[in-house]
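Visitor: Below you will find the structure I want to go over with you.
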Amino acid sequence: MAKTDPLTLQQLLAQRHWENPALTQLNRLPAHTPLASWRNADAARGDLASPSQRLLDGEWGFSYFDRPQAVPDAWINGDLPQVGRLSVPSNWQLSGYDAPIYTNVQYPIPTDPPRVPDDNPTGCYSLTFHCQPAWLQSGQTRIIFDGVNSAFYLWCNGEFIGYSQDSRLPAEFDLSQRLLEGENRIAVMVLRWCDGSYLEDQDMWRMSGIFRSVSLLHKPHVRLDDIHIDTRLSPEYRSAQLRVLALCSLTDASAYQLKVTLWRDDTLIAQHQQPFGTPVVDERGRYLDRTRLSLQIDQPLLWNAETPHLYRAVIALLDADGTLIEAEACDVGFRQVEVSGGLLKLNGKALLIRGTNRHEHHPDRGQVMDEPAMIADILLMKQHNFNAVRCSHYPNHPLWYRLCDRYGLYVVDEANIETHGMQPMNRLADDPSWFSAFSERVTRMVQRDRNHACIIIWSLGNESGHGSTHDALYGWIKSDDPSRPVQYEGGGADTAASDIICPMYARVDRDQPFEAVPKWSIKKWIALPEETRPLILCEYAHAMGNSLGGFSRYWQAFRQYPPLQGGFVWDWADQNLTRQAADGSSWQAYGGDFGDMPNDRQFCMNGLVFADRSPHPALFEAKRAQQFFQFQLENTSPITLGITSEYLFRHSDNERLCWRIEHHGEQVAGGQITLNLPPEGTVSLMLGELPSLAGELWLRVEVIQPAATAWSPANHRVAWDGWQLPAALSLPKPDVPGEQPRLHPQSQLIEVVQAGQRWQFCRQSGELIQWLQADKPQLLSPLRDLFVRAPLDNDIGISEANRIDPHAWAERWQRAGYYRLESQLLRLQTDILNDGVQIRSEQAWLADGEPRFLSRKCYRINRQGEMLLEVEVDIAAGLPEPARIGLHCQLAEVAEEVCWLGLGPHENYPDRRLAAEFSRWQLPLGALSTPYVFPCENGLRGGTRELTFGHWHIRGDFHFSLSRHSVEQLRKTSHRHLLRDEAGCWLTLDGFHMGVGGDDSWSPSVDEEFLLRARQYRYRLILTRG
């Protein structure tokens, strides 16, 4: 270690290392792949705990200051009187110090690089520990910080050790010359902001502290410093080479050898041993401190996300007598990644990326992710047909990659670089003074993670424009690791710094011709002249709140056009944080809820799953669209089903097809067939004859996995589909004789009476204001037209209280007066018919005295006690398309169960219903609402033919929702925990409902076919006593 002058704390801080982009570290050791220094080769092979490692996680001393200069010099040598305790790893903001800040683009500090505010929150950590005596006698003892945000200084026993920044990569220091017998004390001063913060402008919560593990590692004096693993496959993929490069600290290269053994479980596959030194490199000779060797492997089991076969390589450093000095080990997956023929290929097969972006986020622990949380994410991804994850937007915890290797996920490893808030975005990427800061974040990532089979693409970072620095770093990666492609979206997604066209939020068919960086439709992009690269969307389908509409269109395009090789949904999990209320209850917070300024409100909640990893309904849509089995109904007489496997590498040796025919939602036929399909195989199966039944006749199929797997339980469902079958001709049912309804006009209302039922209509509004069954009122509010919804995030767009987006749906509806409509009755007419009573009304809905909608209703109450309701709605010209054409009312009864025949079981909307199935469903009332943290329209079920709830039974072809919360309350409430159950239950019955959109959430993204563009709509319902 370079000797450092004994500066006082204030003298050291006066140098302001944290504002110098050319200086990113002092005394930090070079980056390398993870090491464990086993002293037993069998322990290395078994991945047992290494006695050379010691974890320092736990309770540390902690003192908080508003700026580094406020820290007393005495703290370096001993804890201060007011010292507290803080868990490591953690973010200090979640323990009551300072506040987390959520912003997307805008920097949370004034934009003045490389300077940061003088008021720079500072956390002072300390820990005392005893060091093993043997470690003091020989060798090297290192301390490793896996993640510290954003910069820190380190002291050991009062002596300055070093400085580091880059929150997401390890910082490693040599403590050997500073450790003492007995008690040792390390002190770590962490700064919230540094010049590196300008490179970490990711869309996430800005939090600080030691948020990943801290450990000690003892290495012998002669030691392995780094191991590079590379696998090469033969052209026919039947044999492979395992190439190993070992870098060592040696006193005499001739006295040491390297031995590599490759294992498959307990079976030795290959081994090789050779002395150190390389062939001559140039006119100055060769390397003496490194060696390269190669093992030939015949018929290797290849790694891929479907069958993630792994071997274990043990790299042993031996002395001249063959005695083990130390061993390192790592998992090895034999696979080959390439871009050839315009396609991204793995082991010769063109991949279809079923991907998601994932932040390291936990609602209670912030940016601290432990192994159970990581495994839970991986299992959920695999269970929902994801095969890839992009580490957005920084290198993840080192354990994440080992788990992805073992469970099978393709990974895009991304450098911790984003300068989204700069103007222009590429300002720092084109500034030579920042080159070193950029470079270390890319090169150190590659040096740490290169041995992982799961990593198939390197990424130069996110949303940082395109500058000369990107071109240089692209070249460095291609030279240092030619085994993987490189991608980078900045500067237009198709610059020379990317092997893959990797746009974000490009539409399927619509161009977005932005100045300088046009975003073409994905179909057009791959057809551009001279473009030969594959296209993989680095971000698409912005899953913010009630979203993901139109997702299936992307997958139709991916399957139709081979160069469109999938993409990564934005994003995996909502990034809200848990807060405690005064009464001890907890609630979920988003931007601004900690008093953080600036903030971007709920824009942190874009997940397919809630922060606690319970699913959004959109997750099921993604699972269905991405499923690995495709079905085609080839014939209905007899019923013949075609099945195609989209697995590229695995046989369907654990799959069973289950099929059933349902009549009005009840099974009338079914069966099971074991599937045995080769990769990419197809089969046609005859299921049986078509039943001769009238009415709703549906075929439903699903593929399950009978046996549990590493990532799923037994009988896990992997794919499904359904079709309406041709039904026999049905004859009208003869009317059942019943009591003739009677009309009872009154001064304020019109009442119709029939066999214990009474319907009451208001003479002033023409609306049904009460329905009594056996004298029991059913309504707490009239059955009334409804044209609005509580705005979705996609409806709000980029509108804020002080910045209105005039194109956002919510603003257009607001300007048109849809949320403040007043009713005017134009006509009310009653008629006595041969088989009942008819009431006709014509009602205008006005805003500012101007008509917006004209609603004509015909209520026909017959002898069977049914109310046939026909609704016709006209929309005034020149107005925005409404969210819905429907009815709503407040029911008096709150029944426990809801039963319906229609699409379900989960929430679905016209442009997000691929995953919904037609059947007869029954759920508790509370299960019908989706608890989005930011309240909005939710819980709709479409394609409904029948609905039964309490004493209500409704037939027709409609959408419905049932909720304890009105549209008005949802619209005006900022957080889920602030919603209050209202009296009764709100029922909405929609004849028509617009889509939710979801290509992005800042521009109108509902496809034309899912907008209510017609000027007139008609629908029909039948309401009867349940």
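Any Cβ shown, glycine's included, is placed from N, Cα and C.
Computed from a predicted structure; not experimentally measured.
Okay, so Swiss-Prot annotates it like this:
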type: ACT_SITE; residues: E463; note: active site, proton donor
type: ACT_SITE; residues: E539; note: active site, nucleophile
type: BINDING; residues: N104, D203, E463, E539, Y540, A541, H542, N606, W1002; note: substrate binding site
type: BINDING; residues: D203, F603, N606; note: Na(+) binding site
type: BINDING; residues: E418, H420, E463; note: Mg(2+) 1 binding site
type: BINDING; residues: N599; note: Mg(2+) 2 binding site
type: SITE; residues: H359; note: site 'Transition state stabilizer'
type: SITE; residues: H393; note: site 'Transition state stabilizer'
Visitor: Taking the Cα of D203 (Na(+) binding site) as the centre, which of the recorded positions listed as E539, Y540, H542, N599 lie within 10 Å of it?
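Guide: If one measures from the Cα of D203 (Na(+) binding site), no recorded positions come within 10 Å, so the answer is none.
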Visitor: Anything within 10 Å of N104 (substrate binding site)? Look among the recorded positions H359, E418, H420, E463, E539, comparing CA atoms, and list what you find.
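Guide: Matched recorded positions: H420, sequence order.
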Visitor: Just to be sure I understand: of H359, E539, H542, N599, F603, W1002, which recorded positions have a C-alpha no more than 10 angstroms from the C-alpha of H420 (Mg(2+) 1 binding site)?
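Guide: Hits: none.
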Visitor: Rank the binding-site residues N104, N599, N606 by the number of other Cβ atoms within 10 Å of each Cβ, and give the residue at the low end.
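Guide: Looking at the binding-site residues N104, N599, N606, the Cβ with the fewest others within 10 Å is that of N104.
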Visitor: When you put E418 (Mg(2+) 1 binding site) at the centre and draw a 10 Å sphere around its Cα, which of the recorded positions H393, E463, F603, N606 have their Cα inside it?
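Guide: So the list is H393, E463.
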Visitor: From the recorded positions H359, H393, F603, N606, pick the residue whose C-alpha lies nearest to the C-alpha of Y540 (substrate binding site).
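Guide: The smallest Cα gap between Y540 (substrate binding site) and any of the recorded positions is with N606.
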Visitor: A 10 Å Cβ contact count, applied to the binding-site residues F603, W1002: which residue has the minimum?
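Guide: Comparing Cβ neighbour counts within 10 Å for the binding-site residues F603, W1002 gives W1002.
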Visitor: Would you mind reading off the Cα separation of H542 (substrate binding site) from F603 (Na(+) binding site), to the nearest angstrom?
Guide: 11
Visitor: For E539 (active site, nucleophile), which residues in the same chain are close in space, meaning a Cβ under 8 Å from its Cβ, but six or more apart along the sequence?
Guide: N357, S392, E489, M504, Y505, G567, F568, V569, W570, D571
Visitor: List nothing but the one residue from E418, E463 whose Cβ has the fewest other Cβ atoms within 10 Å; the candidates are the recorded positions.
Guide: E463
Visitor: Excluding E418, H420, E463, please set out which residues of the same chain place their CB within 8 Å of the center of the CB atoms of the Mg(2+) 1 site, keeping sequence order.
Guide: V105, D201, Q202, D203, H393, T419, G421, M425, G461, N462, S464, G490
Visitor: Specify the nearest of the recorded positions H393, N599, F603, N606, W1002 to E463 (active site, proton donor), where nearness means the distance between Cα atoms.
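Guide: Sorting the recorded positions by distance from E463 (active site, proton donor), the top entry is H393.
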Visitor: Setting D203, F603, N606 aside, what same-chain residues sit with their Cβ within 8 Å of the center of the Cβ atoms that define the Na(+) site, listed in sequence order?
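Guide: After dropping the recorded site residues, what remains is N104, M544, W570, D571, Q575, D600, C604, M605.
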Visitor: Nearest by CA distance to W1002 (substrate binding site): which of the recorded positions is it, out of H359, N599, F603, N606?
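Guide: Of the recorded positions H359, N599, F603, N606, F603 has its Cα closest to that of W1002 (substrate binding site).
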Visitor: Going by Cα-Cα distance, pick out whichever of the recorded positions H359, H393, N599 is nearest to N606 (Na(+) binding site).
Guide: H359
